[in-house]
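Colleague: So TrEMBL lists the following for this protein:
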BINDING   A:76-83, A:146-150, A:200-203  GTP binding site
DOMAIN    A:67-253  domain 'Tr-type G'
Amino acid sequence: MGSMYRASKTLKSSRQAAFSLLFNSVKPNRRDPLCVVGLHQAYGFSSDSKQNSREPPAIDLTQFPSEKIRNFSIIAHIDHGKSTLADRLMELTGTIKKGHGQPQYLDKLQVERERGITVKAQTATMFYENKVKDQDPSGFLLNLIDTPGHVDFSYEVSRSLSACQGALLVVDAAQGVQAQTVANFYLAFEANLTIVPVINKIDQPTADPDRVKAQLKSMFDLDTDEVLLVSAKTGLGLEHVLPAVIERIPPPPGISDSPLRMLLFDSFFNEYKGVVCYVSVVDGMLRKGDKVSFAATNQSYEVLDVGIMHPELTSTGMLLTGQVGYIVTGMRTTKEARIGDTIFRTKTTVVPLPGFKPVRHMVFSGVYPADGSDFEALTHAIEKLTCNDASVSVAKETSAALGMGFRCGFLGLLHMDVFHQRLEQEYGTQVISTIPTVPYTFEYSDGSKLQVQNPAALPSNPKYRVTASWEPTVIATIILPSEYVGAVINLCSDRRGQQLEYTFIDAQRVFLKYQLPLREIVVDFYDELKSITSGYASFDYEDAEYQKSDLVKLDILLNGQAVDALATIVHNQKAYRVGKELVEKLKNFIERQMFEVMIQAAIGSKIIARDTISAMRKNVLAKCYGGDITRKKKLLEKQKEGKKRMKRVGSVDIPHEAFQQILKVS
Amino acid sequence: MLRTTSSPIFSSFRGRPKTPRLIFKAFSVLLEDSPPSARRNASTNLTTLHQGPPTSAYVHLPFCRKRCHYCDFPILALGSSSVSNAPYEERQEEDDPRITNYVNLLVREINATRTCFDTNPNLKTVFFGGGTPSLVPPKLVSLVLETLSSRFGLCPDAEISMEMDPGTFGGEKLKELMGLGVNRVSLGVQAFQDELLKACGRAHGVSEVYEAIEIVKACGVENWSMDLISSLPHQTLEMWEESLRLAIESQPSHVSVYDLQVEQGTKFGNVYTPGQSPLPSETQSAEFYKTASSMLRGAGYEHYEVSSYSKEGFKCKHNLIYWKNKPFYAFGLGSASYVGGLRFSRPRRLKEYTKYVADLENGAANWCGDGNVDLKDVATDIIMLSFRTSKGLELKEFGEAFGRKVVKSICKVYEPYVESGHIVCLDDMRKEVMSDEFKKLVGNDEKKIEDHVRYLRLRDPDGFLLSNELISLAFGVISP
Ligand SMILES: Nc1nc2c(ncn2[C@@H]2O[C@H](COP(=O)(O)OP(=O)(O)OP(=O)(O)O)[C@@H](O)[C@H]2O)c(=O)[nH]1
Ligand SMILES: C[S@@+](CC[C@H](N)C(=O)[O-])C[C@H]1O[C@@H](n2cnc3c(N)ncnc32)[C@H](O)[C@@H]1O
Ligand SMILES: [Mg+2]
């Protein structure tokens, strides 16, 4: 399961400590001499009112016509410093106070903070006064979107980019261009965005900005003179970032006197406000009280509140062409807010915006209440959580072994793991999740086709013969030091990969492109890759088409009885190996029982691997001396409690963990 | 949850609440289906057994010459210097102030014991356990017995047991003790191999074992038991068989066979892991248990409880009180009593125990329950204790007390284990009900089960060997 953990950073707390030390000495309202924040303008203060104890009056957005607006995302490989750079930019513009709040301010979820990664894109509006030599200062409204770096969440990146005209492409000065740098560059490039290359972490002793510049040139044809050098940690070079944003990125192209058109690019559920929709105004303008319609659902609502993220929800009463903000409409559930939908003024006719291509779920897994009686609680929790994570697909299913539950589709294993963690942390539900699977297609001799998201749903002994099967593939990008190429090529061919490209980025680094079955990379590929390259390889993938494959269903039988929640689908050539490994794993997970337990792996009615767990021999506490039975009783109570952590299938007790832990079988 | 405390309960003595709140609360959970009459019919009900006055007392005499490597009992080691090799009768225990002071404290505890029962029947069993009670001078044992007798009364035919270690008593001492009323001896032999005794840190060798057996026999003690421990480090099956054989040859009327428990904080606990060399594997250890069961039964002993064997008429009456979930007093360091529905363990450290006795005297401490119990606790206690015995769980009585539904559920859970033979099902004539018939019965209504299934018990040895596993299944029925 390493791929889930690979993305967790444990240094968060020390990182925090370092930052508070660094910034506590700075007086809260002493402005950084490097920047002059035009807040007085935005808030409509008179320029000589320095101190003002009143509530700041509502922000007047009318001062920001399109040409005074810039919308940009920060994109990068995981950990290259996007969220930290966002912190600095928000501080520099006075959007957040220096030394207040936590580092990576926009990483608000508990999972994000614990793992030190961004999972959900976050938007912040900033006001900035641009001073150009010999010109009058002029106020700008800047929308920054911090995006996740991990491949599972690249969908978040695409969505964010659709609300922007430009992107800061951040690259770590020591690590250079990595797989997600490439992937995210192309996302921005294909969306026709202006790219502002930023080399970050130049404070590091191993920083080699010249080499990174050369990589940017050779791989993306980016002009080396245009590359900004910064340290988001020390603030070095930071003053050039926003001027470059303003100079290079074009203002939003919308037409202010056209009918209103807005892109709905995200939504979440807020306890006080209800459903909050994040929107980007493409054309026209919007005011509080307006009636708007949603193209996809054909529903109309009144706009009850409208504003910007500054960085918290801040009412403005309006949004103008090119601006990015939120609306609240008394919508009941986020299901009514289809991401990518076009919002327009009711009773007008507009051409809908292109929207987004639908999310593709890469892995599916069953989610069941750990205690069978808690199905209702789980249903409730999943309903709530999917309100804030629309990228999970959910369908009810039933398992003979685990009872009632859900089949959930995820963007990847990290996404799945984050979902489980959020269920547990935010809703207090304990779940058993089954072995993740990718979606397959089977064709039978009668011509019928079956889509399979749950291996148990594939008949073990079908009425008609399977004539063909297909599995999803991905195009994978791997960037690695050249000395490891041999080992990585071996790994890829073991995983049934097909090489598409093999190029040198520079003298030391190689760029590989492979088409691989999704199944082969979903579980432990990245771990393996890291271990054979001493951690120097980076990896990214995008989904590709299905390919024909020779797939079989592998059943696991306990004492002769198939356990639906343990079934998997594997490539025929690997069935024996996987069967053997699964049986071995289960043998380690299942404790001795009062009976002998026979574990078998079978394809149809053919047993391909087997082992037995011998019966428990002795479990007796002979000593019960002097009538003191309390200790013994506690032990028995504990033993009884232990049984609750088990699912009984037939007469065999299987620990909850077994259902998920055995997934680490290639 | 067990209502057990390891420190005294500070509450006023007389003002104990009379309302049986807990009882009714528990009834509603457990006994939906039983008629109200069954609840009120208190005299013979399992759920009210604990309310009567105890007729048994455990007395803890904690002194030992040294601590054995496996032992985690509350004991006080006297050290071996004074005892050296002097003959028993010349040793110093007579004047050891530690013993005298302790016994005085014990006597104070007994005297400070106020009970709340209308009648105070005479004691029928007294058990001197330890420690090594045989180290205590008879004079002091006499004091304890006198105190018990004057405080509670003592039946003339009461069973009075005493644990004795080889090498700590001679004929004269034993005669003296018998004169005081001690009529049952429990001899801590543990093993018949010097190397094993040494490895256990025992203060005696095999020759002292033989001497002790001779003394017990010569003094004419008919009712005597021998303790053995199986699964000791380096113990082989051959050694174990030898110990069993020699035990049988010495003809005790009772044998206790304990499977070694590796306790945290003991020397063994620090260096050994159960199932790993030099301790026998789980499989070997199970083999030892089975060997004991078959050899001892072959020699005419009845295996009447997980670790107890007796010749006919020689079951330990005191221990039977425990297995029947009946109340009993306890006195002395770390001892556990069960009075008025409350299980209470005294402090294990002398200092705290001393304070406890003082609290008892000035009325600040009380270990007598007020008769209120959590019925689930009673039910699980009864299940756990009954299944330790060969008699097993009497279902009719249990059903009357806790509801027939519960009985049916227990039968259901045990169905696969009746089939596998781990559990034996018996009718009212104690004739075995076979598995397929049992299956049919369990499918039927509760009344039918009651009519045909009277007892469930663990099969000897396969069921006994897995008693924890099986008992915890029934626990799951009582409190899921
Ligand atoms: N030395 C140094 N460290 C930096 C700099 N910028 C960021 N970091 C550190 O790099 C690590 C990753 O920073 P983040 O801002 O969380 O990176 P990210 O790109 O947002 O990561 P994801 O959202 O998970 O993709 C943190 O430990 C930062 O403190 C920098 O300029 N110099
Ligand atoms: C309180 S001890 C008896 C002490 C007494 N001094 C003696 O050694 O015989 C009662 C019995 O419990 C058994 N016993 C004590 N500790 C044990 C342990 N850790 N595992 C198994 N049996 C134990 C021994 O057989 C012992 O005889
Ligand atoms: Mg981040």
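Glycine is treated like the rest: Cβ placed from N, Cα and C.
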Colleague: Pick from A:Lys82, A:His150: which of these binding-site residues has the biggest number of other Cβ atoms within 10 Å of its Cβ?
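Modeller: The residue with the densest Cβ neighbourhood is A:Lys82.
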Colleague: Across all protein chains in the structure, which of the binding-site residues A:Ala76, A:Ile202 has the highest Cβ count within 10 Å?
Modeller: A:Ala76
Colleague: Let me spell it out: for each of the binding-site residues (A:Asp79, A:Thr147), count the other Cβ atoms within 10 Å of that residue's Cβ, using every protein chain shown. Which one has the most?
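Modeller: The largest 10 Å Cβ neighbour count belongs to A:Thr147.
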Colleague: Per DSSP, to which secondary structure element type does A:Thr147 (GTP binding site) belong, with helix, strand and coil as the options?
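Modeller: Once the DSSP labels are grouped into three classes, A:Thr147 (GTP binding site) ends up as coil.
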